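Engineer: What TrEMBL shows for this protein is this:
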- 1-21: signal peptide (SIGNAL)
- 23-318: domain 'Plant heme peroxidase family profile' (DOMAIN)
- CYS33-CYS113: disulfide bond (DISULFID)
- ARG60: site 'Transition state stabilizer' (SITE)
- HIS64: active site, proton acceptor (ACT_SITE)
- ASP65, VAL68, GLY70, ASP72, SER74, GLU86: Ca(2+) 1 binding site (BINDING)
- CYS66-CYS71: disulfide bond (DISULFID)
- CYS119-CYS314: disulfide bond (DISULFID)
- PRO161: substrate binding site (BINDING)
- HIS191: heme b binding site (BINDING)
- THR192, ASP238, THR241, ASP246: Ca(2+) 2 binding site (BINDING)
- CYS198-CYS223: disulfide bond (DISULFID)
Amino acid sequence: MASSSLSVLLLVLCLAASASGQRLSPTFYSRSCPRALATIKAAVTAAVAQEPRMGASLLRLHFHDCFVQGCDASVLLNDTATFTGEQTAAPNAGSIRGFAVVDNIKAQVEAVCKQTVSCADILAVAARDSVVALGGPSWRVLLGRRDSTTASLSQANSDLPAPSLDLANLTAAFANKGLSRTDLVALSGAHTIGLSQCKNFRAHIYNDTNVNAALATLRKASCPAAAGSGDGNLAPLDTTTATAFDNAYYANLLAQSGLLHSDQQLFNGGATDGLVRTYASAPTRFNRDFAAAMIRMGNISPLTGSQGQIRLACSRVN
């Protein structure tokens with residue numbers, strides 16, 4: 001465990017001084033807002049205790065933020081008469097949630113430190129605290145991101161990996177963000193928590209052959225074959241421990257019980273089979289790799305220094 005902790009710490013230090021000149025630091029707010037992290041943690045812990053699903057929702061917001069324009073809180077910007085955000089993109093519409101919780105966290109942070117902590121950093125910290133609240137690993141979050149004044153509907157539609165992707169396209173989508181195949185498999189482990197809509201797994205349970213028959217039968221009961229019928233019906237991504245952050249997701253894949261086509265692609269006779277087997281049998285290794293991958297994902301193209309702004313409200317530019 002000591003060597004794993006050292007490895008993650010070294011990764012933090014390396015990314016904090018990355019070649020691109022980004023200067024994120026886990027102690028960024030230690031003087032300007034020393035109560036920021038404790039304030040976020042308390043709010044996240046309370047929200048997840050009230051609704052365990054919220055942990056997955058907050059984690060997903062950070063992922064959907066970082067894969068579009070980088071980790072800049074662009075996903076939080078609402079549409080207006082003169083501004084189009086990312087929330088109506090196909091991967092987000094009727095799916096991403098937790099905005100009220102983020103607004104509540106932001107209000108609490110603003111009460112202790114006015115216009116100091118960015119919404120992008122709140123998403124990054126809330127993702128970590130959500131994982132911890134559900135029993136998963138912790139890591140030191142790099143901080144110092146600033147908030148965008150723009151959003152990209154087109155990039156949200158093109159860059160967020162779809163549940164229909166095969167392994168080659170999943171690997172390419174992550175590589176486009178500077179993330180490795182190991183990062184892909186580790187970050188997919190976030191599907192150990194949360195729910196998915198019928199429209200996202202219908203094709204897998206009805207058309208694919210690499211799906212456990214019992215799982216397919218169970219999910220067909222609430223997910224009709226006809227498109228448009230029951231599209232929003234929900235099912236847990238992890239059939240065994242849906243509200244616990246653990247490595248059961250990978251055991252599910254070994255049994256061909258991944259809910260999404262893209263999930264089962266990770267264990268389907270391809271290059272990631274070995275890593276799936278490793279994570280299924282070694283939770284400590286999964287926790288270590290997941291934490292490291294989250295740090296790397298959180299370092300995708302952040303705005304720093306004088307770039308962007310610190311929003312007063314996460315849903316709109318100042």
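Quick reminder: no glycine exception, Cβ is built from N, Cα and C everywhere.
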Engineer: Compute the C-alpha separation of ASP65 (Ca(2+) 1 binding site) from ASP246 (Ca(2+) 2 binding site), stating it in Å without decimals.
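Structural biologist: Each residue's Cα considered, ASP65 (Ca(2+) 1 binding site) and ASP246 (Ca(2+) 2 binding site) end up 23 Å apart.
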Engineer: Can you tell which of the binding-site residues (ASP72, ASP238, ASP246) has the fewest other C-beta atoms within 10 angstroms of its C-beta?
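Structural biologist: Counting other Cβ atoms within 10 Å of each of the binding-site residues ASP72, ASP238, ASP246, the minimum falls on ASP246.
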Engineer: Here are the binding-site residues: SER74, THR192. Which has the lowest count of other Cβ atoms within 10 Å?
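Structural biologist: Comparing Cβ neighbours within 10 Å for the binding-site residues SER74, THR192, SER74 has the fewest.
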Engineer: Within the domain 'Plant heme peroxidase family profile' (23-318) only, compute the mean pLDDT.
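Structural biologist: On average, pLDDT over the domain 'Plant heme peroxidase family profile' (23-318) sits at 97.
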Engineer: Tally every other Cβ atom lying within 10 Å of the Cβ atom of VAL68 (Ca(2+) 1 binding site).
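Structural biologist: Step by step: centre on the Cβ of VAL68 (Ca(2+) 1 binding site), count other Cβ atoms within 10 Å, giving 29.
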Engineer: Out of the recorded positions CYS66, ASP72, CYS223, THR241, CYS314, give me the one sitting nearest to ARG60 (site 'Transition state stabilizer') by CA distance.
Structural biologist: CYS66
